[in-house]
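Participant: The structure's right below; bear with me while I get my questions together.
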Amino acid sequence: MGQSVVVLGAQWGDEGKGKIVDLLTEEIGAVVRFQGGHNAGHTLVINGKKTVLHLIPSGILRNGVLCLIGNGVVISPAALRKEIEELEDTGLEIRSRLKISPAAPLIMEYHIALDQAREKAAGGRAIGTTGRGIGPAYEDKVGRRGIRVADLHYPDQLAEKLRAALDYHNFVLTRYFGVDGMDFQRIYDEMLVFAEYVEPMKSDVAGILHDLRKQGKRVLFEGAQGTLLDIDHGTYPYVTSSSTTVGGALSGAGVGVQDIDYVLGIAKAYATRVGGGPFPTELDDKIGQGIRDRGVEYGASTGRPRRCGWMDIVALKRAVAINGITGLCITKLDVLDGMDKLKICIAYEYHDKRSEYAPLDAQGWEECTPVYLEFPGWNESTHGITSWEKLPPAARAYLCALEELAGCPIGIVSTGPDREHTIMLHDPFA
């Protein structure tokens, strides 16, 4: 039987999953995206060259690796085509290696208009979405009015479904938000063009995954966003619209729990968050700004500055428990170089009581005050180090503390953006 590893974010996203997925894809059969859409921004740096992927799995830069987009992903036709063409312009062969589930929902133009109208109307109460139609597309999926890749094969039924969806969404756009509605014919014509384009890539992703496992191939499941943004387990309502946990990998790709052999949780050596929502360890001072500057903490998809703070073990332990994380990968250790002291949040003060568990609602999180342990920093550079023994003693002590406090072993440490800037303590496929 083959081996399968799930790679997912153990914080609020932006943990560096793309680099780690690329690192682990050297000798595997396939990489599969199972949730989210082009709101993801997975940055890969190989020999100093930067590539940012939004929809296509990070294994695409490895020759011969099959890249799959599962039924749990919402697909923007325009974004997908743009990303494919940009990669093909670099000389990569894409379409023969990219397989897309017919059950994947499409992000339509009216989803984007609705997303942006909502955020504008919400003002200071906005969730902080990317404005790319992700949430409304998932709403249509659950509301059973979504248009899926499979629908493109049937022009008459597509027209019928599109008219029904437009009747609903144009009413909301024009009557509730007071913005322009969408034109049926233009969108329909665009969908017919996309139907022809995507047809050769359409394939039974779940079936491919089952066959690969029987053939003894290695498969990597690539998560987007992070556990604390999960629609069920995150800081609701300041969450994304999909399941970012290991449960999302099962339902979003079409595999069973017995098909997963290892869950790798990715976490930065500190913490970041984009958009609104509670963030107990946030540093709204020069220390936080310093981390942002050194870590280049700006969104790969939106360019928005990320909020920065100390490592939050309470939140990390929750991610470990929810996902059954087998091992952790700690990224961006080098960003902490040169800091006099470091802090790790080990508990919260909540309503005059100390708790090592996170509240289950956003308001509760907002009312938490972090309890910190302080650690000495280090002046030596860790950038590009590939051996545990060569890390400064204080850096090793910090990582050992993270491991002990989280109750989960650290298998990988990333010391820079390049594929080679990595300390491999345990290979998830070993």
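Glycine too: its Cβ is placed from the backbone N, Cα and C atoms.
As annotated by Swiss-Prot, active site, proton acceptor applies to D14. Per Swiss-Prot, the feature active site, proton donor maps to H42. Annotation comment: Swiss-Prot describes 13-19, 41-43, R306, 332-334, 414-416 as GTP binding site. Per Swiss-Prot, IMP binding site is recorded for D14, E15, G16, K17, N39, A40, G41, H42, T130, R144, Q225, T240, R304, and the stated evidence type is sequence analysis. The Mg(2+) binding site annotation in Swiss-Prot covers D14, G41. The substrate binding site annotation in Swiss-Prot covers A300, S301, T302, G303, R304, P305, R306 and rests on sequence analysis.
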Participant: Could you give the Cα-Cα distance between D14 (active site, proton acceptor) and G41 (IMP binding site), in whole Å?
Facilitator: 8
Participant: Distance between T43 (GTP binding site) and G303 (substrate binding site) at the Cα atoms, whole Å?
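Facilitator: Their Cα atoms are separated by 13 Å.
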Participant: Hey, what's the Cβ neighbour count for N39 (IMP binding site) at 10 Å?
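Facilitator: A 10 Å sphere around the Cβ of N39 (IMP binding site) contains 27 other Cβ atoms.
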Participant: Of these binding-site residues, T43, T130, which scores lowest on Cβ atoms within 10 Å?
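Facilitator: Per-residue Cβ counts within 10 Å for the binding-site residues T43, T130 bottom out at T43.
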Participant: Where does T130 (IMP binding site) sit by DSSP, helix, strand or coil?
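Facilitator: Going by the DSSP assignment, T130 (IMP binding site) belongs to neither helix nor strand, so it counts as coil.
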Participant: For Q225 (IMP binding site), write down the residues of its own chain that are at least 6 apart in sequence and whose Cβ falls under 8 Å from its Cβ; none is a fine answer.
Facilitator: G9, W12, G13, Q35, G36, N39, A40, T240, S242, T244
Participant: I'd like the Cβ neighbour count for K19 (GTP binding site), meaning other Cβ atoms within 10 Å of its Cβ, all protein chains included.
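Facilitator: Total other Cβ atoms inside 10 Å, all chains included: 25.
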Participant: Counting other Cβ atoms within 10 Å of each residue's Cβ, which of the binding-site residues G13, G41, G303, P305 comes out lowest?
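Facilitator: Ranked by other Cβ atoms within 10 Å, the binding-site residues G13, G41, G303, P305 bottom out at G303.
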Participant: Which ones, of the binding-site residues T130, T302, G303, R304, P305, have a Cα no more than 10 Å from the Cα of H42 (active site, proton donor)?
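Facilitator: So the list reads none.
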Participant: To see if you understand the setup: which same-chain residues, six or more apart in sequence, place their Cβ under 8 Å from that of T415 (GTP binding site)?
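Facilitator: Spatial neighbours, sequence-distant, of T415 (GTP binding site): L333, D334, T382, H383, G384, I385, T386, H421, T422, I423.
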Participant: Could you round the CA separation between K19 (GTP binding site) and R304 (IMP binding site) to a whole angstrom and send it over?
Facilitator: 20
Participant: Check the DSSP secondary structure of T43 (GTP binding site), expressed as helix, strand or coil.
Facilitator: strand
Participant: Taking Cα-Cα distance, which of the binding-site residues G16, T302, P305, R306 are within 10 Å of T130 (IMP binding site)?
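Facilitator: T302, listed in sequence order.
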Participant: Using only the residues recorded as binding IMP (D14, E15, G16, K17, N39, A40, G41, H42, T130, R144, Q225, T240, R304), report the maximum Cα-Cα distance in Å, whole number please.
Facilitator: 34
